[in-house]
Amino acid sequence: MSTEDGVAGQWGGTDVHFGEDGGRLTYGSYLRLPQLLDQQHLESDPPAHDELLFITIHQVYELWFKQVLHELTASRDAMLAGELWLAEHLLRRVHTIERVQTQQVDILETMTPQDFGEFRHRLSPASGFQSVQFREIEFLSGAKDPSFVRRFRGLTSVEQERLRQRLEEPTLWDAYLEVLRKAGFDTDTEDALRHALRKVAGDRSQYAAIWELAEALLQHDELAAAWRARHVVMVERMIGTKPGTGGSSGANYLRSRLDLRYYPLLWNLRTAL
Ligand code: HEM
Ligand SMILES: N[C@@H](CC(=O)c1ccccc1NC=O)C(=O)O
């Protein structure tokens with residue numbers, strides 16, 4: 001038996017041509033690989049070896065941001081529809097993606113400051129500060145800050161519209177308040193809300209789903225904070241105290257954002273437990 005016969009036998013004894021079922025869908029056409037793999041264009045000339053890594057890492061971040069927005073939007077809508085198990089299930093998927101995103105910093109840190117320096121000067125005034133999806137995640141999570149929209153330079157009208165929409169629509173926190181109201185809690189004042197959160201925390205057998213949802217929100221908040229902390233340390237390693245290509249003070253600006261929390265009341269609750 002020839003090697004060819006052996007392979008054919010293994011796959012059912014017929015002459016199989018993988019992915020040629022009437023010339024329809026293939027792996028590459030389904031995943032749009034010709035398009036996807038043609039989107040890495042270096043600014044450096046002659047090409048700096050590490051610029052491909054820099055572009056790839058950022059593109060992977062943006063793909064995960066797209067997925068995170070998909071899941072967070074659905075989680076918010078599940079809360080509004082009273083489907084608490086689904087809201088929690090989707091948030092847990094988001095946590096897993098967020099952990100991977102923070103770990104990706106390890107890959108970028110295999111680039112030295114000297115090798116980054118070969119193409120960094122070509123990037124100005126572009127910067128991660130201009131990531132629309134990153135800002136959408138912040139807004140949807142609960143940290144709406146319209147001043148970021150004003151500070152964006154060079155947004156397309158589609159991007160502007162996406163951010164405007166995110167500023168208008170309910171956040172994950174708004175949806176959680178709706179969950180509390182449906183369970184009979186008063187959420188009109190901050191005091192009433194604190195009282196509701198303490199009550200949920202104090203009777204976990206009665207409010208299991210509502211408590212677990214709050215824990216999943218807090219986890220999302222903690223993982224976002226972990227990414228910010230990891231990013232700023234990477235920045236110090238790469239560029240020290242140099243100003244950023246986006247026009248900010250660099251690491252100093254990023255440090256000013258480390259205290260950001262999406263759900264301060266869930267953190268304050270800890271002191272009262
Ligand atoms: C060599 C690696 C990196 C360096 C040196 C760096 C540096 C910086 C600096 C200095 C800023 C402040 C804005 C400015 O440029 O003035 C910034 C902001 C930002 N960067 Fe990076 N960055 C790096 C990698 C990344 C990666 C991989 C991502 C993933 C998407 C990212 C996302 C962001 C975001 C979202 C902001 C805005 C943060 C905020 O406003 O809170 N950065 N970065
Ligand atoms: N802001 C960085 C450059 C940088 O990292 C960057 C540049 C263009 C697009 C995305 C970037 N990533 C994060 O800021 C710097 O100042 O070195």
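Any Cβ shown, glycine's included, is placed from N, Cα and C.
Some features that TrEMBL has for this protein:
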| type | residues | note |
| --- | --- | --- |
| BINDING | F54, I55, T56, I57, H58, R120, T245 | substrate binding site |
| BINDING | H231 | heme binding site |
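Proximity of the binding-site residues (F54, I55, T56, R120) to ligand 1: a Cβ under 6 Å from the molecule is found for none of them. For the substrate site listed in the record, the two most distant Cα atoms among F54, I55, T56, I57, H58, R120, T245 lie 19 Å apart. Close contacts with ligand 2, defined as a Cβ under 6 Å from any of its atoms, occur at R120, T245 among the binding-site residues I57, R120, H231, T245. Taking the C-alpha positions, the distance from T245 (substrate binding site) to the residue listed as 'heme binding site' comes to 15 Å. R120 (substrate binding site) has a Cβ environment of 18 other Cβ atoms inside 10 Å.
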